[in-house]
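A.B. asks: TrEMBL lists these features:
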- 27, 58, 59, 60, 82, 83, 84, 114: 5-amino-6-(D-ribitylamino)uracil binding site (BINDING)
- 90: active site, proton donor (ACT_SITE)
- 128: (2S)-2-hydroxy-3-oxobutyl phosphate binding site (BINDING)
């Protein structure tokens, strides 16, 4: 993710601007606003277009992405939300199941950057949502864009992604 890597990748360059769907669970308003601003800035910097939809909670984020992937024409997705540990096991269910569902969708061909913040307290959430600090939303947008770029390159054939020409 952006902000805590010593190996940040440059944004990919696209021949045709990708269309990205941001799906956010805005449970914590200030965190959601920071996440949206960061993800949108990265997507726009890459020359891509974006739309945003809101869902009630982080468990609904992968469901909304699955619906859009089946029924709409998006090149990639950015999953955003924030889950802060409480006093029950609900946190574990939400964190594990949302991550599992997003990974499953990715393995099925959806280009998804997962920026759902999973933390112990609000202080950690603020740090991860801050574009000047850990910037998980910006990192998720970058991940989605890189996956879109890779998917497009693979469709063209292996010589377009840095591998040698076939013998």
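Heads up, residue numbers simply count up from 1 along the chain you see.
Each residue, glycine too, has its Cβ placed from N, Cα and C.
All annotation found in TrEMBL is predicted automatically rather than curated by experts.
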A.B. asks: Can you check what DSSP calls residue 59 (5-amino-6-(D-ribitylamino)uracil binding site), collapsed to helix, strand or coil?
C.D. replies: coil
A.B. asks: Which secondary structure state does DSSP assign to residue 27 (5-amino-6-(D-ribitylamino)uracil binding site), in the simple three-class scheme?
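C.D. replies: For residue 27 (5-amino-6-(D-ribitylamino)uracil binding site) - judged by DSSP and reduced to three states - the answer is coil.
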A.B. asks: When a 10 Å sphere is centred on the Cβ of residue 58 (5-amino-6-(D-ribitylamino)uracil binding site), how many other Cβ atoms does it contain?
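C.D. replies: There are 25 such Cβ atoms around residue 58 (5-amino-6-(D-ribitylamino)uracil binding site).
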A.B. asks: Other Cβ atoms within 10 Å is the metric here; tell me which of the recorded positions 90, 128 scores highest.
C.D. replies: 128
A.B. asks: From the Cα of residue 27 (5-amino-6-(D-ribitylamino)uracil binding site) across to the Cα of residue 90 (active site, proton donor), what is the distance in angstrom?
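C.D. replies: About 15 Å separate the Cα atoms of these two residues.
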A.B. asks: Across all chains shown, how many C-beta atoms besides its own are within 10 angstroms of the C-beta of residue 27 (5-amino-6-(D-ribitylamino)uracil binding site)?
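C.D. replies: The answer is 15.
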A.B. asks: Would you mind checking how many other C-beta atoms are within 10 angstroms of the C-beta on residue 114 (5-amino-6-(D-ribitylamino)uracil binding site)?
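C.D. replies: By my count, 25.
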A.B. asks: If you skip the near sequence neighbours and keep only those at least six away, which residues in the chain come within under 8 angstroms of residue 60 (5-amino-6-(D-ribitylamino)uracil binding site), Cβ to Cβ?
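C.D. replies: Those within reach of residue 60 (5-amino-6-(D-ribitylamino)uracil binding site), by Cβ under 8 Å and sequence separation of 6 or more, are 25.
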A.B. asks: Hey, of the binding-site residues listed (59, 83, 84), which one tops the CB count within 10 A?
C.D. replies: 83
A.B. asks: If we check Cα distances from the residue listed as '(2S)-2-hydroxy-3-oxobutyl phosphate binding site', which of the binding-site residues 58, 82, 83 wins as closest?
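C.D. replies: Nearest by Cα distance to the residue listed as '(2S)-2-hydroxy-3-oxobutyl phosphate binding site': 82.
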